[in-house]
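Participant: I have a structure I would like to understand better, so I am pasting it below and will then ask my questions one at a time.
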Amino acid sequence: KMPKKGGYRKKKRTHVEEDPDDDEYIPKSFIIRRGKIGRFATELVKDMRNCMYPNTAINLHERKNNSLKDFLGVSGMYGVTHMMIFTATEKSNYMRLIKNPKGPTLTFRIKDYCLSKDIISFNQEHKRKNKIFTEKFTTAPLLVMSGFNNLEEDDSFKLVTAMLQSLFPPLNVEKIKLDECKRVVLFNLIRPDDGTAPYIEFRHYALHARQRDVNRGIKRLVNNSRLPNLSRMGDIADYILGKKAGYYSSESEADDLPNSKVELAQDFQGKKKSSNVAIRLYEVGPRMKLDLLKIQEGFCSGNVIYHQLVQKSKKEILETSRELKKKRKAKEERKKEQEENIKKKEKELGFDSESELEEVDESKLTRKQRAARKKKMAEELVQKSK
């Protein structure tokens, strides 16, 4: 019963209140496409949104007139920390991974990719037996990185490691719940023996726990939705033990590695605590081979820290950074000079300070808004001069 207060019933809150600090360190992302990338690459963008769900905008609609500054302006409002941008040229498809709002920017060439629907259709047998391919996941995937250990200080993949780790929520072993561990994202760094450039393999798996203490035949009998055909068998033992020696089905325990057997610390996927289970991975896609092309300091701009095709000495890198600083300084000086000239012109023409145009930080405006503001200001100046 709800407790009474002042003659009225007051509902007693039974749900657990959310901690406002929990969302502080959860990274969120925009996964978008720029320009024409083709039908299959568009499907890849959708698959990546499903993979990064729920910490990404799954139904994000891009328009032709949307600029990157538009997305960057909105990202601060919604707490979006990263952007994943897919583009295409005649030669290849590309993926840019950006940290908002000031970079760095990693540019990858997509050497090969496979869509989720192709991987799932290849595993039709698993699709019939498990709901794992049709289940909508509501928790973020776990991050597994392979081959990124023992990197040198000047290795460019050290920055790639930090960027990939910041893309996924940090794992708190003390507070984690096993029921929330439903998927795994794998980044595997491969260094070929032939001396070619290293590349990263991306995989997306779903976790599934299988009971290990049950006989294979009994498990097959329980998991089957239909009654088996026992007309050709003399006894139920023939079905449970198996008539053909040496034959293993796709659900065979021979496929399980010794290290895959674990004892559950919590209830997981209907399996009780302290029970022995075998953890199986089912690939749900998508799948990509990523070739690191270049790294830039800023948001899609700035000094190029690493380039696969262009190798510079330390002296050349310092000269390039000095030139960029000079250009930025000259641009700022021109901007200040233009603002001062506009103010002088306004005073000469008797421009009223109480104008309809309010003082706004133009860096926060979009390209169209800045153009409209300048046009309106020019019209007012013309009217005053008349």
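In case you wondered, yes, glycine gets a Cβ from its N, Cα and C as well.
Note: TrEMBL annotation is automatic and uncurated.
Found this in TrEMBL, in case it helps:
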COMPBIAS  1-14  compositional bias 'Basic residues'
REGION    1-20  region 'Disordered'
DOMAIN    27-301  domain 'Brix'
REGION    324-386  region 'Disordered'
COMPBIAS  330-350  compositional bias 'Basic and acidic residues'
COMPBIAS  351-361  compositional bias 'Acidic residues'
COMPBIAS  366-376  compositional bias 'Basic residues'
COMPBIAS  377-386  compositional bias 'Basic and acidic residues'
Participant: Would you list the DSSP helix, strand and coil counts for the residues of the compositional bias 'Basic and acidic residues' (330-350)?
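Facilitator: Going by DSSP assignments, the compositional bias 'Basic and acidic residues' (330-350) contains 19 helix, 0 strand, 2 coil.
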Participant: With DSSP, how much of the compositional bias 'Basic residues' (366-376) is helix, how much strand and how much coil, in residues?
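Facilitator: Here the numbers are 10 helix, 0 strand, 1 coil.
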